[in-house]
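What TrEMBL annotates here:
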- 228-255: coiled coil (COILED)
- 611-623: compositional bias 'Basic and acidic residues' (COMPBIAS)
- 624-641: compositional bias 'Polar residues' (COMPBIAS)
- 611-645: region 'Disordered' (REGION)
- 665-695: region 'Disordered' (REGION)
- 6-22: transmembrane segment (TRANSMEM)
- 34-54: transmembrane segment (TRANSMEM)
- 115-134: transmembrane segment (TRANSMEM)
- 154-173: transmembrane segment (TRANSMEM)
- 185-205: transmembrane segment (TRANSMEM)
- 382-400: transmembrane segment (TRANSMEM)
- 429-450: transmembrane segment (TRANSMEM)
- 527-546: transmembrane segment (TRANSMEM)
Amino acid sequence: MSGAALGIEIVVVFFLALFLLHRYGDFRKQQRMVLFGTLLAWYLCFLIVFILPLDVSTVIPLNNVLTLNFSSKITQLRFEAHWVIGLLFCCSSPKVCYKPWSYIPDGIMPVFWRVVYWTSQCLTWLLLPFMQSYARSGGFSITGKIKTALIENAIYYGTYLLIFGSLLIYVAVHPQWYELQTIGITAANTWGLFLLVLLLGYGLVEIPRSYWNASRRGHLLLKTYFKAAKLMTEKADAEENLEDIMEEVRKVSESIKYNHPLRKYVDTILRKCPVDYQEKMGRNMDDYEDFDDKQNTYPSERSLEKLHKQVIYAVQRHNRTRVQWQILLDQALHLEDVAKNETSSTHQFVHSFAPAEPPSWFSRYVYTPTVEWYWECLLKQWFYRLLAVVLSLFSVAVVWSECTFFSTRPVLSLFAVFIQLAEKDYNYLYIEMACFITIFFLCTCVYSTVFRIRVFNYYYLASHHQTDAYSLQFSGMLFCRLTPPLCLNFLGLIHMDSAISHQQKEQTAYTSIMGSMRVLSFIANGFYIYYPMLIVILCIATYFSLGTRCLNLLGFQQFMGENDMTSDLIDEGKELIRREKRKRQRVEDGENRRREWKERYGNQRDDYVTRNRNTHSELKETNYGDTMNASANRYSRPSNRSGDRDRIELLQDAEPLDFNAEMLSDDPLESESGRHAGGRYLSMSSSRSRIFDDV
């Protein structure tokens, strides 16, 4: 099993990152470079989180074995030995020591961490910013996009050159490369820790509260109405913006004809427009115009690049708001169905609208209407409340440990206490599970905040393949900058970082790659210890929704509960949902009527047409001689007009439809749609035209 756990986690983490990228990105429309860069950034960050518990479980036995306490004096003897020597000492102890099932051989983890860490840092500080500008550029060629990306990142990379020059001067004065590397890593981790505490303080409170509010269905329904009103405003604004951009594209397309050198750029812009707009505008291929002989003013290539960039942004925003509106509408209708089914005496969940897709095997045999009723109306809210309580306890433990992890005697950090208790019994599986659950909860609080925050329309991670390239790459940058300080903070919580705990312990391979923080003592002994205590203040501010109140005062409408503006938006959203519900109900009623008509009269009409075809074929064979003689006077009036008319009436009366009073309905829509079923002249029916079409 040596190294098997590492290989399994590498494969599992890859598919996890691929699944998230598929949920937020679009594999068919977005550029391969964007998808690859984002996938690599997410994959490396998730890999650090999942592999770190294995590194901890590998080092912990050495801490217990290589430190021997002699009872004669308080003397401590440290051995720098291999794992085999450690096993010899361990076997002489009262507790039975054995190699962990997930033990990773020496030399693998340092190389692994070095490759993963420096690759992620190159992505976040060099490649991803360039790829952001490249993907957002409106250039029509690769060279043009690269040029635009370099110009936009000139200040960004100029700052790096200034820092690099300062470090070169430092190396010239103090030629110690190891300290220079540590200073660079410390600077990156300090910036990441500054942002990490802000995001963690928000997530520790908001995640448990979100699950608690999800158990309050009335509150959740009102908030959905509020979101519907805001989203409809955004959707209308996106449609208006798209109309304006398409009008500008139409003017450019009409001014630049097909023989103009810039026409190929216009064609590229038109291909990015929606299909209906492409059909309206056309390409004016028939209008030839000698642009050299006229003094017309044409847009420049730079203005076309700007227009191209605006078209990409407007189309993406329009599609995103449209998809989000449909998702939010389904959520609102589902919550209304839950509210209606709570008082159901049959204990079977009834949907207002039939699902668009046919029921799956799981819905037919496992998740039946009875099971769905018990889950949606009874068990779900209690499950969410229990989960919110458990997450709240985790949040309290994290806040307490963040404020006390620097204390080693006595040990006040709860996570350090749990790990040290497991060390005494050499319970490696418990150590790995405790480390994994702790760091997974920390990552959930931080990463979920990254997925939730929205910076106007420039950064927004939208699910269902609606995230643009800029937001995907920006999230990859944030992950690469937040993950290393998050792991160092976790090692400090469990007292595995000697730079913070000041204990003589065997360091993990990850800590050895980070270098000794004691090179900069004011950061190791000051910032890394006292700055995480600000989580307490941030948690209090989040609990009382101070940020939401500030945004509301600035004019950004937020869901505030008892507020006049919030109540107005809730009423508006309720009316919008009611209107969409009526529209969907009319569409479903029309589908049901067409389905019933087809089931009731479809077979009868098919038999009627078949009989008419057979009768007509018999008459055609009988009158074959007459048709041969009628070729001479083809365009003259036939003499046997009355005979043909009688023959047509005979075809119509082959199987007449009797008038049936039961076919009438009180519903005017049903009577109108089913008018030709009964009480209608056969000469006005569709069967006559079908007969002559066959002839």
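Every residue number used here counts from 1 along the chain in the order it is shown.
From the backbone N, Cα and C atoms, a Cβ is placed for every residue, glycine too.
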Mean per-residue pLDDT computed across the coiled coil (228-255): 92
In contact by Cβ distance (the transmembrane segment (527-546), the transmembrane segment (382-400); 3 or more pairs under 8 Å): yes
Surrounding residues of the transmembrane segment (115-134) on its own chain - C-beta under 8 Å, 6+ positions past either end: 33-34, 37, 40-41, 44-45, 47-48, 145-146, 148-150, 152-153, 156, 160, 188, 469-470, 473-474, 476-477, 480-481, 483-484, 513
Outside the transmembrane segment (185-205), six or more residues from its ends: residues with CB under 8 Å to it: 121, 125, 395, 398-399, 442, 444-446, 448-450, 478, 481-486, 488-489, 514-515, 517, 519-520, 523, 527-528, 531-532, 534-535, 537-539, 541-543, 547
